[in-house]
Structures are given as structure tokens and as C-alpha cells.
Amino acid sequence: MAVNSHRSSFSSFKSYFNALLHTPHRVYRRAGSVSNSFDETSRDRFRYGGNMKKTLRWYDLICFGVGGMLGAGVFVTTGTASHDKAGPSVVLSYAIAGFCALLSAFCYTEFAVHMPVAGGAFSYIRVTFGEFMAFITGANLIMDYVFSNAAVARSLTTYLGTAIGVSAETKWRITITSLPKGFNQIDLIAVLVIIILTIIICYSTRESSVLNMILTALHILFIMFVIIMGFWRGDSRNFSKPSDPTHPGGFFPFGAPGVFNGATLVYLSYIGYDAVSTLAEEVKNPVTDIPLGVTGSVILVTVLYCLMATSMSMLLPYDLINPEAPFSGAFIGKSNRWSWVSNVIGVGASFGILTSLLVAMLGQARYLCVIGRSNIVPQWFAKVHPKTSTPVNASAFLGIFTAAIALFTELDVLLNLVSIGTLFVFFMVANAVIYRRYVSAETTSPWPTLSFLFSFSCTSVLFTLLWWLVPPGKPKAFVLGACLLIVIGLVVVFNYAVPQARKPEFWGVPLMPWIPSVSIFLNVFLLGNLDGPSYARFGFFSALAVVVYLVYSVHASFDAEENGIGNLESGIKECIELEDLAPKLQK
């Protein structure tokens, strides 16, 4: 089929300058352009190397989910969340974060079953709200993955040192005094681990799954060991008594705000299930495997998190917990009879962190691959290697980028950059699943649904501001109650006044629109717990993404549209459609 001969905006400086002059027109034309299910599931991926191999089942996804979540959460964020934010009530922080993650997982699952593609949230937003919002979402997702993976890789060095009884900071990291604090400790072990895992995920997804299963099985054994040791050697008095009487005491030493501050921080722990959704393109039977894999892994991990947080809180008063190595640190300084426990925990944490890294690096590469398919980043990232059936280019690029950041950036600097982007993406997906259920471009007006989403989000923001800014007392309780009534009333009115435009053929979010609405509310509320610098960083990276979109992405996307890229022969289209439908018919 012939295509138009539109000249590339990047063929010469003159062409690019001319493209920049037409930026407003191109933004108007492309920013709100939505994709469709066929583009996401078949046409785009065929154009850049065909399908990734469908080799995964529900148990693979559960193992990927457990491996992806357990490593980062418990062994990286629990210490900080307990010591600085919530105290012993960090158990409730994990329960709240897990509930939020489960609601978001329902939203992800509906999209993943309908569109089993590697793009995850990027594809879901692209088919709902258009190219620009999808790009901002995708850019924040990749930023979250890169920074969280760098943080997790650096924590691996700490736990490896604990496992063999040496100090990673003094023995394995190189301090360069000329660099600013937070960026002056060189970690070569973290870099080496990231490079090795990058090679593995480039080679094969199936072999990556086998490796993940082995590491996850070993890790769960260590998890059970930690839980048993905590309940056996711990003391329930540590739930209420700090070591220093001058510190706040009780189960809620920092009050209810501390619980939600802790929930915001440990929400990083659940980023793994989002990576699982990016493996949908490689699942044999999406209709049954994806719901079982995604929701099952979130529920299982939430239970394990709460048990581990309880175990840790029993082992030590919260003010003695080591923020960087909370579990292994709990046995350092005890009698020599128990010093071996910290070494065992260090080994177990190392396995967990490796699985977390493996899953997250699989996910980040697939996000970038699908963004490349959409032509808003260089198409080089979209290439799927014909022999390995993996996105080799995206995997290698992000592996090198992650290793460079892990080389010198400290853990606390990285963690502050992650939670806000994760919450923002989950918020967008919850909005998208409501919009897609209630709006059909051919038959319904989008304005009733958009008005509901806008009003609901604004009321959620108002509730959050009142919660944090208004001093305690009856007036605060009254206005908070009024906001909750408004929120509930909005959902009730919308549910009865606006009919659903489409219903899922295979699997959908239950209790629509209540579950995604609660997810929106909780994500907004958790966003309100973040500090000012986190918003400043989020604003900076979002603004940077907007600049990239204006100077490159919109023009590349416009060129692709003008040249008719993706117009394949109908025979090819039918073959791909039948291939994608086959797993569903196996049900």
C-alpha cells in the first residue's frame, strides 16, 4: 500500500525549524488523539518485530508479582516508614497501601484483559485520554522505575554486606569527598548487578521467569524465617513503648497522620504488580491468567507485608529500628548466640531484592518499547529482537541508565522521587477505567463523565487539604464529614444518571463505579501526604516531559500520521487479530 511522502520534521535544520513554527497546530491535532485496541494489540507491535512470545501462565505472573513487590517494600522502605513516619502502626500503613494497590489492580486488570499488550498504563491512558496524557504518564512511570531500581540495587549492596558481616559503606563503597552529600558514595556492586540482570532479560522472558521462580521460592522461605523469628524472639511491649521515654509512645506515636505518611512511603512496595501488567502481551490466556496473577499477587504480598511489619515491630522499639536495614539490624548488638540471624536475613533480603529488580527491569523495558511503537520516542526503542523475542534495545538503554544513577545516588534521595509518580499513574488509570466504561465516542457524550471525574477529584483534594490543614476539633470533623457525603453523593448520582456505554466481554472491575472511585479518592489522599520537595521534583520531571513532547514527540507523531505508518495489508491484520483472539477462545 502506498503512503504519503510527507517530509520528516527532522530531515534538516530548516525542516525542524519549520516544524517548531507549527507546534501549536500539531499539538492541537495530536495531543488529544486516541489510539484504539487494534493499534495497541496488533498493528503497532507487528510493525516493530512482531509479537513477544506467549509463554507465561497465571503462576508465572503471581511469582513475578510476589518477586517484584517483596524485595523493594519490606527491605527498603519499612525501616524508614516505621522509624520516621508511623512507628508500630506501620502494620496499618501496609494494610492501607495494600488495599489501595488492590483497588488499582482491579482497574489495571480490566484493561490488561481487554488489551493484552506490554504498554501497561501508557497504553490504557493512550486509548482513553489521548497521546499527550499518555506520554506524561509513561514518562513518569519510566522515571519511577529507573529511580526505584537504582534505590533497590544500592540496598542490595547493604544487605550483601550484612550477609557476610562487613560494612558496605566502608568496605564496598568508594567515598569521593569532592561530590555533594547524597551523591558521593560510588557503588560498583549495584552497577554490576544491574548489568547482569539486563543481560538476562535481554536473552529470554521464559528463562527470566524460571530464574524469578527459583529466587522467589528461596526468598519466601527467608520471609517465613523472619516472621517466625520476630514472633518468637520479639516482645509485644515494643508495640507501645519506645526505648527513649522522651520519644512519643503508644501504637500510634505519630498519630493518624503518621499512619498515612507511612502508607504513602510504603506504597513504593506495590509497584511490582504494575510491572506484571506489562507482561500481558506474553501471557498465554489473558482472560483467566491476568486477573489471577495480578490480584492474587497483591493479596498475597499484602498479607506477608503485614506479618513482617508486625514481626519487626515486636523485635525492636520503633526508635531503635535501623532505617536502612531494619530486619538484619534488629539482631545486631544482641548476644553472639543470635548474631548469625542477621547474616541469614541479609542473604534472604538479597534474594528478594534481586527478584524485585528483575521484575521491575522487565516492566520498564516493555513500557519504553510500547512508547516507541507509538512514535513519540525514537522507534529504535520499539524493536523486538527476532531471536529472543524481547525488547533488547529498550532493555539495554534503561539498564545502562539505571546503573549510572545507582552508581552514585543515595537511597533517601531516590525514594522521595518515586512515590508521587506511582500514585499519579494509579490515579490516572482509575479515571481511565471509569471513562472507558461510560463513554463511547460513537454513541455518548463525554461531558457527563468528565464532569463527574473532575468534581470527584476536586472534592477528594478538598478533603485532603482539610485533613492536613485544619486543626483537630468538631469543626474539622463536621467539614470532613460533609466532604465525604458529597463524594458519596457524586458517585450515587453518577451511577444512576449515566448508563454504561460498554461492558467488558471477558473480565471487568466489579461494583462499577465504586471501586475505581474509592481508588481515586485514596490515591489523592495519599498524594496529600507527600512533602513539598516531592512535588517540586514531580513538577520538574513533568515539565521536562512536556518540553520533550513539544520539541520532539509531537513532531515525530505528526510525521508518522502524515506518512500513514502502520497501514498494513488487511490479510496481515486478520492474521494478527486471529492470533490475539486465540488465547481468549481457549477459555
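Glycine residues also receive a Cβ, built from the backbone N, Cα and C atoms like all the rest.
Quick look at what TrEMBL lists:
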{"type": "DOMAIN", "residues": "507-557", "note": "domain 'Cationic amino acid transporter C-terminal'"}
{"type": "TRANSMEM", "residues": "58-79", "note": "transmembrane segment"}
{"type": "TRANSMEM", "residues": "91-111", "note": "transmembrane segment"}
{"type": "TRANSMEM", "residues": "123-143", "note": "transmembrane segment"}
{"type": "TRANSMEM", "residues": "210-232", "note": "transmembrane segment"}
{"type": "TRANSMEM", "residues": "252-273", "note": "transmembrane segment"}
{"type": "TRANSMEM", "residues": "294-318", "note": "transmembrane segment"}
{"type": "TRANSMEM", "residues": "338-363", "note": "transmembrane segment"}
{"type": "TRANSMEM", "residues": "390-408", "note": "transmembrane segment"}
{"type": "TRANSMEM", "residues": "447-470", "note": "transmembrane segment"}
{"type": "TRANSMEM", "residues": "476-497", "note": "transmembrane segment"}
{"type": "TRANSMEM", "residues": "509-528", "note": "transmembrane segment"}
{"type": "TRANSMEM", "residues": "534-552", "note": "transmembrane segment"}
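Of the ranges 123-143, 210-232, 294-318, 390-408, 447-470, the one with the most Cβ pairs under 8 Å to the transmembrane segment (338-363) is 210-232. Listed as Cβ neighbours of the transmembrane segment (294-318) (distance under 8 Å, sequence separation of 6 or more from its ends, same chain) are residues 58, 61-62, 64-66, 68-70, 73-74, 78, 82-83, 87-88, 90-91, 93-95, 98-99, 101-102, 105-106, 108-109, 112, 220, 223, 226-227, 229-231, 233-236, 238-239, 241-243, 253, 266, 269-270, 272-273, 276-277, 326-327, 330-331. For the domain 'Cationic amino acid transporter C-terminal' (507-557), the mean pLDDT of the prediction comes to 88.
Summarised by DSSP class, the composition of the domain 'Cationic amino acid transporter C-terminal' (507-557) is 40 helix, 0 strand, 11 coil.
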